[in-house]
Amino acid sequence: MCSAGMNSENITLCEKTVSSSYIRQGSQARRGHEQLIRHLLDQGKCPEEGWSESTVELFLNELAVMDSNNFLGNCGVGEREGRVASSLVARRHYRLIHGIGRSGDIAAVQPKAAGSSLLNKLTNSVVLDILKISGVRSVASCFVVPMATGMSLTLCFLTLRHRRPKARYIIWPRIDQKSCFKSMITAGFEPVVVENVTEGDELRTDLEAVQRKIDELGAENILCVHSTTSCFAPRVPDRLEELATMCAKHDIPHIVNNAYGVQTSKCMHLIQQGARVGRIDAFVQSLDKNFMVPVGGAIIAGFDESFVQEISKMYPGRASASPSLDVLITLLTLGASGYKRYLTERKEIYSFLAEELKSLASAHGERLLHTPHNPISLAMSLDGLQASSNQAVTQLGSMLFTRQVSGARVIPLGKEQTISGHTFRGFMSHSESYPCPYLNAASAVGITRDDVTLCMKRLDKCLKALKKHGKTAGSCSAEPQADQEAPDEE
């Protein structure tokens, strides 16, 4: 990228006004920023060390001046000219207004927006590098799409429709999360729900049931197998290697919901191994959960570049650049080393959370469920509360929510939920008859030890209050019943 603002001619002119030795010093400092930018443009990888805000802003400003809406002599007479009424909105987007892609392809370069197009290509390249660093070494291609995980899965299914026009079923090992179920319905397919099997405390993929469904329905009538990595305990990641092998054997596509799996080496290893021994066509992950950016974006990735391109071409029209901009700013600021540091801290706090939850559970006559295959989420039994009443279990969720403990989920027994005509018994527990109610807590990227300590303190107080006051929890009984699906359902 040229530095028109301070090229050699302009620097020479500056020396007429300010001492040349000072100007040279300032010019050298600027070259330091430019060298980082040059390395990014040359390598297309996440820098090892994070950039300063001034480097990031210099880079974004130079991208923005390459877009037609920021040309000094631009004369726009079309219907989409990158006009923005509010200067606050313009600054919020660094004056990168044109979005990404063209009407026929989200990955296409826009003639009016060289800067935004470059932003899009670089973001996809940097994100691909991070997926490799995080454990999926053989991933071939990926792109950021301005939709959350559910709609991104829908886009994958719609792309497969053209390859398998006879198919109407999607085989789906059960996971009680609404958006991934609705992603199949929205795409116009019939989910075939495969109940999980209980192994100890864990809920695992029923491979024999999946095989029976393939035999029963016929491989040509199955659009794909839709599996899941990251999930709430006591459910654990699906048996990806076995499912991938099964899909390869029967020539059935395989789409993986890897919602918040980038942050854990175990989930990424499963995807890498699944692709090595069998078939994984695409895997989808959320931007906000894995990279600490606002909700609204996802990464669709795969091992066959042509199929990933096919998915990107399926997206109708151009798209918002905001998710791409957010994740690029974040990764340039953190650098690969900063992101890896977050992943290491998350893993360490998972162990700390497990110890704290185990200790608290024991103090209240409960136990930490044994779910060693789940690397993010933990669950603590609530048998004692259940013995008091089912209301006491749901009351705990309400009490935690009103005490600003977000993300903790309390799962009672026997809840039913109907989604798009399909009734799930024992909804939110991923099983028709899980043996005990429980509470979930997760160690996700960005969590701190203080979060864990404060949560344990408040949870302990709530459990003591419920125990003391019996099933009505005394004065707590008047608290509103928080919607147990609302906090961090994914």
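Every residue gets a Cβ built from N, Cα and C, even glycine.
Pulled from TrEMBL, these are the features on record:
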BINDING   R80  pyridoxal 5'-phosphate binding site
BINDING   R102, S103, Q110, R318  substrate binding site
BINDING   R276, R403, K468  tRNA binding site
MOD_RES   K289  N6-(pyridoxal phosphate)lysine
Nearest to R102 (substrate binding site) by Cα distance: which of the recorded positions R80, R276, K289, R403, K468 is it?
R80
Of all the binding-site residues given, S103, Q110, which has the fewest Cβ neighbours within 10 Å once its own Cβ is left out?
S103
Around R102 (substrate binding site), how many other CB atoms lie within 10 A of its CB?
17
Looking only at C-alpha atoms, tell me how far Q110 (substrate binding site) is from R80 (pyridoxal 5'-phosphate binding site), rounded to the nearest Å.
12
When neighbour density is defined as the number of other C-beta atoms within 10 angstroms of a residue's C-beta, which of the binding-site residues R80, R403, K468 has the lowest density?
K468
Same-chain residues six or more away whose CB lies under 8 A from the CB of R318 (substrate binding site)?
H98, G99, I100, G101, R102, S103, I106, Q110
Cβ atoms near R276 (tRNA binding site) (within 10 Å, other residues, all chains):
13
Between R80 (pyridoxal 5'-phosphate binding site) and K289 (N6-(pyridoxal phosphate)lysine), what is the CA-CA distance rounded to a whole number of Å?
33
